[in-house]
Structure formats: structure tokens, C-alpha cells
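Trainee: This is the structure I have questions about; it appears just below.
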Amino acid sequence: MALKQVSSNKCFEGFQKVFEHDSAELKCKMKFGIYLPPKAETGKCPVLYWLSGLTCTEQNFITKAGFQQAAAEHGLIVVAPDTSPRGCNIEGEDESWDFGTGAGFYVDATEDPWKTNYRMYSYIKDELPKLINANFPTDPERMSIFGHSMGGHGALILALKNPGKYKSVSAFAPICNPIQCQWGKKALGGYLGSDVSKWEAYDATQLVKSYPDSHLDILIDQGKDDQFLSAGQLLPDNFIAACTERKIPVVFRLQQGYDHSYFFIATFINDHIKHHAKYLNA
């Protein structure tokens, strides 16, 4: 599958690059950011996938999070894909910020007119890793995932639905229980239809209840002053309760004074890189 380099910038002796490719899964052109640490010039490196939140592209994380220095130090390749298909000319795709363009929710849509293109779950799980492993010096056996908000939801469900695929998972302010919040009801209803039982397959709080073992160390950071926490969109307490019941280890840190923004992410990103390096470099 042909990759076209869009940009390349030297950064902490490695390179922050952006590529474009034709996605077979999403049937459109897709971009992703990839940070190649200095170590990638001489050997294979583990890969950490970042999933961004609503309205984001591949640019938000690579320009605002400040993760590159820690990734360089720990020898991690970091991949940041876009958040949805783009330019598919689907009626209504640009009508709202929390559904359609920039809001793929990391599900495989089953409803018209979304089901042809909106297959972000399969794109992140299968197509993108195959592409990355075929074109960059990766160790395919060492892969982890993290994300923010809608992307935190994506990271949690991908880890929970695929035991053993990812060495570790973490999230910033994830949408933990989408079947119970307005964002989730709108997105899951639109992409998957009205049968709520089908939504449960993409809900971290539901998935953790049937997760087969406890070999998953989850780190979650949540800003205490996050406007979406107080609005009932994130619902971390429901997820923590489900993890506690199943004896699945989760470190949940409520960070005083922090909101939902990239200032919050940039403050704690090094902790998350270290969390993943512990498992990826073990």
C-alpha cells in the first residue's frame, strides 16, 4: 500500500512525520502522524498508538502534546491517526461537531449511510498496524494504545475487545460509559442503530464486565475541573466500579484544577509514556 509523505520535521534527534494513504477499510484518503525515535535508525522499536478526541485530526496530538522527547528517550514509535474518514460526501457528515467528520467514535458502523466508510474500529485494529509494520522498523509483538476523550474510549475498547493484543493501555479523560451519555447515545445510535445491545460491544464499562482475565494494567488521568466530567459525558466512576468488581487493576488519578484541554494532556503525557515503556520495553 503506497504511502505519501506529507511532512517531516527533526525533533529530539528523531523525526515527526505525517503520511497519507488510500484506506481500503474507510474507502478514502487518510493521514497519520508518526514519530520515529533516534533508535528507529538502528533497530526495531515498539509502537504506541494514540487516538484523539472529537473534532481532532492527526495534527492535534503531534503539535500540542509534547510527547516526542519522552518517546525519543524510551525508544518508542508513536502513531497518531485521524479520528474519522474525510471527504466521503455523505449527506450530513459535516452537520455537527460530535457526529460524522472528526467523530468516528472508533466503531464499525452498521447503518446507512455510514457503514461503507465509518469503520474506524477495523482501521485502527487491523489496517493501520499492518501498514505501519510493513513500512517502518517496528516490533509487531510490542504494541500499546492510549488516547483522549473519544480517543480514550477508543483505546479502552480496543484493549478490552482484544485481550493480549496491546501490552498496556491508558487514557486521558475517556468517555467511559458511552451508552449512558449524550455523546455516546448520539454517535452509537447514528452508527449502529437503535438496538442498545449492539452499543454495548463498544462500551468500556460493559466490556470490562466480561474481560477474560486481569492482565491489563490501566492508567487513567482525569481533570477535576473538566467541563465534560461535570456534564456527565465521561462517567469514569461507572468504569472504575466495573473494574473493581472484576479485580482488574486501574490507576485512576483525579487531577485538581485541570480541564479537558491539551494543556492537561501535556502536563501528564510523560507519565503515560513511562507507563507504556515499562511494558513495551520489558
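Cβ coordinates come from backbone N, Cα and C, glycine included.
This is the feature table in TrEMBL:
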- Ser149: active site, charge relay system (ACT_SITE)
- Asp226: active site, charge relay system (ACT_SITE)
- His260: active site, charge relay system (ACT_SITE)
Trainee: I'd like to know which of the active-site residues Ser149, His260 has the most other Cβ atoms within 10 Å of its Cβ.
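Mentor: Of the active-site residues Ser149, His260, the most buried by Cβ count within 10 Å is Ser149.
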Trainee: Count the other Cβ atoms sitting within 10 Å of the Cβ of Asp226 (active site, charge relay system), across every protein chain shown.
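Mentor: Taking all protein chains shown, Asp226 (active site, charge relay system) has 22 Cβ neighbours within 10 Å.
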Trainee: Return only the integer: C-alpha distance in Å from Ser149 (active site, charge relay system) to His260 (active site, charge relay system).
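Mentor: Taking the Cα atoms only, Ser149 (active site, charge relay system) lies 8 Å from His260 (active site, charge relay system).
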